[in-house]
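Student: Below are the structure tokens for one structure; questions will follow.
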């Protein structure tokens, strides 16, 4: 504490002294001394401290005001627009091998990042902020402390997470907290990170600390988001619960029944549009914790806000998000085009000005970058950051419930033109975890240009964020389900089937699949058994299409969408098998499930041929 007394002005020192936690004090003293900021501000949970951070983001030029009250814009460096996968490394002890993951020797990594960060905050203000992941004072709560010299990063976290200063005071001397140290480094005249050659995001799994330097882009800097996610996955696998890259939503069933679903979809597979269906309710759009509470799987949203991709958001397809983005609620727009105080983005469905300011500086239509590429009005990864409370379809009770909500179903959303049917249900937990979750693929969206895209393997949509061996991750999933008294049903969806280049489904058909899944969770409708799980009966979907979308649904459409495509399904099993086969430590159950599914498909092929009509299988029941 003496060291902190020397380093901090009296008013800021008193805020830290009120937290009785020597581990925290030691960490802060070490890093304040090392970073050498000219000024330190400690954020409590007071509205005044949050307002101070908001004001400093404008004062230091990291954000600018827009025309609508409470709206601001932030720009990242032209070359700092996405997660830096190359320089994001997991620091692991010598000899640890993690397939698919970008690892580095822990001692070397810590030495390098300390050198880069020595004195990096000279002439700058350090913000020390306290937050929690999950609801406060709950079995899901994980406290975290963020050190950053970016008021934009701190402001973003106030929109995305629950405040945690009082929680730190309540918890007292615990080591059970995450630590994030970030510096944007030297800034250029546009107030964006300058030294991108020294951009590093190092995740120390042993000490549950993340270091991030010379970057501002949210995915590299907002400690509690995807950086903390690596730490929570590791902790979940150690402790036997699930930390997942999933939405959490409520589907409204008959007679006021509420059923909650989680959903894991790789990008461009329909995750946000599913969670935002206007007549259902959102709890969260990105990260969930799922724990076994008295034999029931219960889930919480880790966050209280949305850090969403803005590209393509338009009034017709995204009425709720569109309305929020035009309301006077607190929003940070990043890397969009601004003209006369108004933000514009690609695909917004209205005319975009021919000039303005964007992530490249002064912009005009046809402007090219150093590589000769034409610069679009907004970056394809441009974002909006806003609290969930701004959404009229928010299920507030579920968001704030410290016990979480019961998970009725888990959805895995893939993207392919010719393999998975639009919706199906797993035979059981193990079958779903392996053949749906651990086999998830998404066709890269080059497909929309008429080229067949590459199928990217992305189990549980978590590959970019894994921090443990994939075998341990899958084993934990299987074990978690075995210990439940009541397991959630598992479903797989695919909104992107095509035939002769035409989509087989319309955008809103997914609303019908959700209602069918809700009925299946409660065993209200029968289903057809196929070699790959249960699919809907035509009669049930016909009723739902009329009820939900007021649409007629033809037998022909049903047959095209739900036929079992045996050759493509067998090819997929082959692909997935080849990915897992060379890796050590993969649970036996994975190969058994794939083998059993292959045998069921071959048997069906021998009886019915390569392409099997759902009506043929229904007759057999």
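Even glycines carry a Cβ here, placed using N, Cα and C.
What you are looking at is a predicted structure, and each value in this text was computed from that prediction instead of being measured.
The following feature annotations were taken from Swiss-Prot:
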| type | residues | note |
| --- | --- | --- |
| BINDING | 83, 217, 218, 219, 267, 381, 382, 383 | substrate binding site |
| BINDING | 226, 245, 286 | Mn(2+) binding site |
| BINDING | 268, 269, 270, 271, 272, 273, 383, 415 | GTP binding site |
| ACT_SITE | 269 | active site |
Student: Any idea what the Cα distance is from residue 381 (substrate binding site) over to residue 415 (GTP binding site), rounded to a whole Å?
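Tutor: Answer for this pair: 20 Å between alpha carbons.
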Student: Listed binding-site residues are 217, 226, 383; which of them have CA atoms within 10 A of the CA of residue 272 (GTP binding site)?
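Tutor: Within 10 Å Cα-Cα: none.
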Student: Cβ within 8 Å of the Mn(2+) site's Cβ centroid: which residues qualify beyond 226, 245, 286?
Tutor: 225, 229, 287, 465
Student: Cα within 10 Å of residue 218 (substrate binding site) is the criterion; apply it to the binding-site residues 226, 245, 268, 269, 271, 286 and give the hits in sequence order.
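Tutor: Taking 226, 245, 268, 269, 271, 286 one by one, the ones whose Cα falls within 10 Å of residue 218 (substrate binding site) are 226.
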Student: Can you check which residues sit near residue 83 (substrate binding site), meaning Cβ under 8 Å from its Cβ, same chain, 6 or more apart in sequence, and list them in order?
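Tutor: Same-chain residues close to residue 83 (substrate binding site) (Cβ under 8 Å, separated by 6 or more) are 217, 219, 220, 226, 464.
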Student: Using a 10 angstroms cut-off on Cβ to Cβ distances, just flag whichever of 268, 269, 382 is the loneliest among these binding-site residues.
Tutor: 268
Student: Find the one among the binding-site residues 245, 268, 269, 415 whose C-alpha lies closest to that of residue 383 (substrate binding site).
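Tutor: Smallest Cα separation from residue 383 (substrate binding site) among 245, 268, 269, 415: 268.
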Student: I'd like the Cβ neighbour count for residue 381 (substrate binding site), meaning other Cβ atoms within 10 Å of its Cβ, all protein chains included.
Tutor: 19
Student: Taking only same-chain residues 6+ apart in sequence, whose CB is under 8 Å from that of residue 270 (GTP binding site), what do you get?
Tutor: 413, 415, 493, 495, 510
Student: So for residue 217 (substrate binding site), how many other CB atoms are inside 10 Å of its CB?
Tutor: 26
Student: Tell me the Cβ neighbour count for residue 226 (Mn(2+) binding site), meaning other Cβ atoms within 10 Å of its Cβ, over all protein chains shown.
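Tutor: Its Cβ has 21 other Cβ atoms within 10 Å.
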Student: Compute the centroid of the Cβ atoms of 83, 217, 218, 219, 267, 381, 382, 383, then list the same-chain residues not in that set whose Cβ lies within 8 Å of it, in sequence order, for the substrate site.
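Tutor: My list of surrounding residues reads 81, 82, 307, 309, 334.
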Student: Through the lens of DSSP with three states only, how would you label residue 273 (GTP binding site)?
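Tutor: DSSP call for residue 273 (GTP binding site): helix.
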Student: Within a 10 Å radius of its Cβ, which of these binding-site residues (267, 272) has the fewest neighbouring Cβ atoms?
Tutor: 267
Student: Suppose we draw a 10 Å sphere around the Cβ of residue 271 (GTP binding site). How many other Cβ atoms does it contain, all chains included?
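Tutor: By my count, 21.
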Student: For residue 268 (GTP binding site), which DSSP three-state class applies?
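Tutor: DSSP call for residue 268 (GTP binding site): coil, neither helix nor strand.
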Student: Give the helix, strand or coil assignment DSSP yields for residue 218 (substrate binding site).
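Tutor: Residue 218 (substrate binding site) sits in a helix per DSSP.
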